[in-house]
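These features come from Swiss-Prot:
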- 1-10: compositional bias 'Polar residues' (COMPBIAS)
- 17-27: compositional bias 'Low complexity' (COMPBIAS)
- ASN460: N-linked glycosylation site (CARBOHYD)
- 1-57: topological domain 'Cytoplasmic' (TOPO_DOM)
- 79-101: topological domain 'Extracellular' (TOPO_DOM)
- 123-190: topological domain 'Cytoplasmic' (TOPO_DOM)
- 212-238: topological domain 'Extracellular' (TOPO_DOM)
- 282-306: topological domain 'Extracellular' (TOPO_DOM)
- 328-340: topological domain 'Cytoplasmic' (TOPO_DOM)
- 362-386: topological domain 'Extracellular' (TOPO_DOM)
- 408-434: topological domain 'Cytoplasmic' (TOPO_DOM)
- 456-463: topological domain 'Extracellular' (TOPO_DOM)
- 485-491: topological domain 'Cytoplasmic' (TOPO_DOM)
- 513-516: topological domain 'Extracellular' (TOPO_DOM)
- 538-821: topological domain 'Cytoplasmic' (TOPO_DOM)
Amino acid sequence: MSDSQSNKQNQGEDDNNVSSSIESNENYPFRLNDEESEPQSSTTESMLKAKKQSWRQVLMLGFSSLGAIYGDIGTSPLYVLNSIKYPNSSPTEEDIYGAISIIFYLFTFIVIFKYILIVLFLGTNDGEGGQVAIYAKIARSLKIGPKGVHIPGSPEKTDLELLARAETSSSFKSSNLFLNKASGFKTNPKLIKFISKFILFGCFFGCSLVMSDGLLTPTTSVLSAIAGIQIANPSFNDVLAVSEVVLIVLFLIQQFGSNKISFTFAPIIFLWLIGLIISGIYNIVKFHPAVFKSLSPYYAIQLLKHSGIDVFSGAMLSITGTEAMFADVGHFGRLPIQLTLTLFVYPALIICYLGQGAYIIKHPEALSNPFFYSIPGGLNSWIYWVMFVLATLSTIIASQALILGVFSITSQLINLDCFPNFKIIHVSKKYAGKVYIPAINWLLMIGVCATTAGFKNSNNVTAAYGLGITLDFLVTSSLIMVCMTYVYNWNILIPITYALIFLPLEVIMVISNLKKITHGAWFPLMMSGIFMMFLSFWRWARSRKVNQDFKTRIRIGDLYPELKKQPPQSETVDLNDRGRPMSIVNSSNEELVEYGVTLPKILKTNNNQLKVQSKFGLMNLKKYDGIAIMYNDSSVHTLNSPNTVPQVYGKLVSSFSSIPSVFIFCSIRVLSIPTVPNDERVLIGSMKIPGHYRCIIRYGFMEEILIDKELNNHILNSIPDINELAIKFNLNNKCILTKPCTIPILHIFENNLIRSHDYSSEEHETKNPLVKCKRFIRKILINHIFSPIYSDFQSNGKFLKISDEDEESEKKMFLGGVVRI
């Protein structure tokens, strides 16, 4: 399992530290002794539950969010008023009132009412935002998520309870919802099937739009910021070259993490917004106090009558960055964003727009550049140059929201198995949502630099800007209405009311921006289409691979027929007090119970005479003294499928009929806490097969995934079979936690080659050219795109630390075959 794979399972599930007994009933058949006791709360469980933010943290995060989220929406006053289409070349007082009125109501309805009061309350999932979060929330509620994936936020039994299961009726069932056909239209199976496809499409399309916006926003912001230098120095002609350098620097500093970057940028945006407030108040008081009339919707309606819906293509630039704000929830939290935007950013921007309107009414000639002309003191004053510098810096910072948004949604897509397993770096111990993805950062940097070189100047980019953002608004509204209906089970009238209020406005904004397609808006649409196709292809290929994994898992009873009717082995525990050195050899049962070591009830079957079903019939399974640890890429199989073993294990025992006397199936999980205490890191559960165990090794999201000799000893000292092995190897009391154990250990990793179905047999022969073409494309995509990328992210045992090369070659084994999907 690679570092990136470890982060895929980054999820916060409650874990109990049981060192005494597990209640013996039909759900929990394993127990340490006959006495029942209540599970004790572990440190891990307490840390998982302690996620509430103090007011001090809220205020600090709110301030930090200024430097990461509001640069885009906060710099809109630079260009919005002069981007709006007016009925006359020289707008009248009513025209200016109308423009400000449209900006005010657009901002209030979309940003405040829709996102702050509705979407941020209903659409977040497990502390994350964006369309992926809404999708995950709906999929979790309807149980229609990707097969074999734990959706963040799902209530689930503890690792300990899951390891304790010996029987399950769902090992080979999909996670689809079993609906009663008579339960009404809302839960009709056909409708649910449509909903599952619709929300996945919406999720992928919305993410693709954000990613394409991630190419345009940095390009727009940096080009416009550097072009501003020409106002002070008209002879400056190196806008493109300087912009490329600034962009490269901007992406280079992302490795320091959103925590440091946002806190560094926050004072700049804070001063910028303060400057907007001062400038706005000054212009209102001095030039036209009656500008507050523009807050009446009458003037917005009048401007729409005279100019049509094309007004929205310019006015919507005042709300760019809103969708990125929603995607960035994981970096700062919902409440800090809501408070900062509502109480500070929103008033500052509205006051600034009112001030610009007041100035233009008295100075119509200033419409070409209303922001700089309306700065108190006039051009070349010291206030002008202060605001000029702040405007340049703030505009550069504006791209930060989209960059962080791309990191957030990519991280969520990886966790849902909808994206290649890129390495995720958590940059904060306190907040799991603050992530940095190096590969995405460098790919985004290359894409943005190429986009900047292609568009060359800010005017060309601005002409292409806006369509993707308005489509994103529409996608979010569609998903949030499904969320209202199926997650919150609200009356159908509520989503209908929501649709009547917001959808017409968003559809109008989309229509008003369609004219931009010929002026460059085709580019974000094209990039969205490319991203959409890749996400859909990856999800399709991964679903085929997961289905194949489930299909090829082997039932224990089929592999070992004599175990079909055997009772389960008994205990599952975690390693309590793991910091103390202990030897299992010569220890009494009472001592083992005290240390929380697994105590399986040995089956009546003779461990050395177990028969295995092979292609040659039943054969005796021979066991030699030693230990094998087989690593699974996902803990899902290890936890949720106690009746089965991986296909590669079946191949091993049925082909060679000889395995080590102790066999451990091991998986690694990453929890949504920064660190896991050493005494709660490892959980061991016995299996039906004598001498076989299931093991979960747990890490926090800030910890390096590393298995060394000491951790191996932690695992081995919890297995009773180690007692007999230690005696055979004359170890006596030497196999203790503080020293490396010398019992031979073989580490087995699954390494398969993914290939497309061959379709070469007679039953698959066809003369249909379309079918042949489809199969050829399928083969190219799977064999030459999916398979190489998938192989790059397989673990290959990188997390297993063996310093000596010769020892590594002896102790690591890679088993697999060709997997056809």
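Even glycines carry a Cβ here, placed using N, Cα and C.
Counting residue by residue with DSSP, the topological domain 'Extracellular' (513-516) contains 4 helix, 0 strand, 0 coil.
Averaged across the topological domain 'Extracellular' (513-516), the predicted model reaches a pLDDT of 89. Through the fold, the topological domain 'Cytoplasmic' (485-491) approaches residues 122, 137-138, 141-142, 186, 195 of its own chain, all at least 6 residues removed from its boundaries and within a Cβ separation under 8 Å. Here the topological domain 'Cytoplasmic' (485-491) is broken down by DSSP into helix, strand and coil counts: 2 helix, 0 strand, 5 coil. For the topological domain 'Extracellular' (362-386), DSSP puts the residue distribution at 15 helix, 0 strand, 10 coil. Here the residue listed as 'N-linked glycosylation site' comes close to GLY520: these same-chain residues lie at least six apart in sequence, with C-beta atoms under 8 angstroms from its C-beta.
Below 8 angstroms of C-beta separation, residues 71-72, 75, 78-79, 246-247, 250, 320-321, 323-324, 372, 388, 391-393, 395-399, 401-403, 405-406, 444, 447-448, 451-452, 455, 457-458, 461-462, 464-465, 468-469, 472, 523-525, 527-528, 531 of the same chain, each at least six residues beyond the ends of the topological domain 'Extracellular' (212-238), sit close to that stretch.
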